[in-house]
Amino acid sequence: MEAGPPGSARPAEPGPCLSGQRGADHTASASLQSVAGTEPGRHPQAVAAVLPAGGCGERMGVPTPKQFCPILERPLISYTLQALERVCWIKDIVVAVTGENMEVMKSIIQKYQHKRISLVEAGVTRHRSIFNGLKALAEDQINSKLSKPEVVIIHDAVRPFVEEGVLLKVVTAAKEHGAAGAIRPLVSTVVSPSADGCLDYSLERARHRASEMPQAFLFDVIYEAYQQCSDYDLEFGTECLQLALKYCCTKAKLVEGSPDLWKVTYKRDLYAAESIIKERISQEICVVMDTEEDNKHVGHLLEEVLKSELNHVKVTSEALGHAGRHLQQIILDQCYNFVCVNVTTSDFQETQKLLSMLEESSLCILYPVVVVSVHFLDFKLVPPSQKMENLMQIREFAKEVKERNILLYGLLISYPQDDQKLQESLRQGAIIIASLIKERNSGLIGQLLIA
């Protein structure tokens, strides 16, 4: 067993398939205290998780194993690890990965600063990988460096959207019943074909459920089940709950899961996952300007238009003054979208200050941060061509900060003297800003758009 995070700063490329938001929420943690037998005010120390991550992803139709496929330039498995490690009462996370991808996994752990992760080598099947992960937590293994948990969660590396509430439910049920698993209603009717390819029978959809992840077990129950497991079940079995029933006579409690427990299986699922992630990190926009007192400042006008046009998004504003203390707090609170208003048309001073603050923070490690550098110009008084040369500095700025996962765009908004025309320019600018934030298109960084 190997523990992270060794390896290089940049993840290596995953090998081809070989044949053969924030911390845990107080309510959930408090509820688990009685489950794990901890004293009030202390985090439970009896829950671990095992993630089998040795699959080839043949149904994905790409050479890279799906757990390493990038979403917003970050491997899928990193999102799943993040979902688990932000739950403070999961003390150890064991990932089973193939030998040829061990270095890849180490570098992912290092680059994205994952914690509490230990690595073991995967087996040739899913069940053998899970068994190897359980062995890393068992007391009877000579080289085991981890303490045995009371409850172990088994989850898929390619289900990145698991929430703490679902984890809490299955752990609580496993504590009481010995085993528990998340289920969802069947989407399609299940049929059984006969040998000649005709319908034999169909299942009544209302009476059956789809087994999902996560699942949780008393560690002694599932470890004993795997120790007794036949070679046939280790090779061809797919359901961990069935092993607990078959070998330990433990009937699992079935827990209704949330709709976002789905598994990334096909290539189209990667696009769906990316869309969900983009939506989640686009729910807040901070308008940054050089003043906080003048309500008629054009930055405040833009803020009000953004609020009007994007009524489903939280829009706030902060000044760069006071050493940026309030702005630093917004960064700590994980806002991933900034609109920086520059007072002088050709001056990037405010944008440069903001970029420096972002680069000094750890905000950009997990998700790309969008910065829209906004400049205003009365096109009737000053033709855009006269200022364009200075504004094109944004190209070089964008190249530099892209290396630190910051997506920098430029926006030039017409600033006419007529109030009605100004409102229309601001509205067009808000539409462009919303699109840049929603799409997060790295191909457009350094471009100067005009509203």
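Yeah, the Cβs are placed from backbone N, Cα and C, and that goes for glycine too.
Pulled from Swiss-Prot:
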- 1-29: region 'Disordered' (REGION)
- R59: site 'Transition state stabilizer' (SITE)
- K66: site 'Transition state stabilizer' (SITE)
- R205: site 'Positions substrate for the nucleophilic attack' (SITE)
- K263: site 'Positions substrate for the nucleophilic attack' (SITE)
The most crowded of the recorded sites K66, R205, K263, judged by neighbouring Cβ atoms within 10 Å of its own Cβ, is K66
DSSP, reduced to three states, assigns K263 (site 'Positions substrate for the nucleophilic attack') to coil
Rounded Cα distance in angstrom between K66 (site 'Transition state stabilizer') and R205 (site 'Positions substrate for the nucleophilic attack') is 30
Expressed in Å to no decimal places, the gap between the Cα atoms of K263 (site 'Positions substrate for the nucleophilic attack') and R205 (site 'Positions substrate for the nucleophilic attack') is 20
Three-class DSSP assignment, R205 (site 'Positions substrate for the nucleophilic attack'), comes back as helix
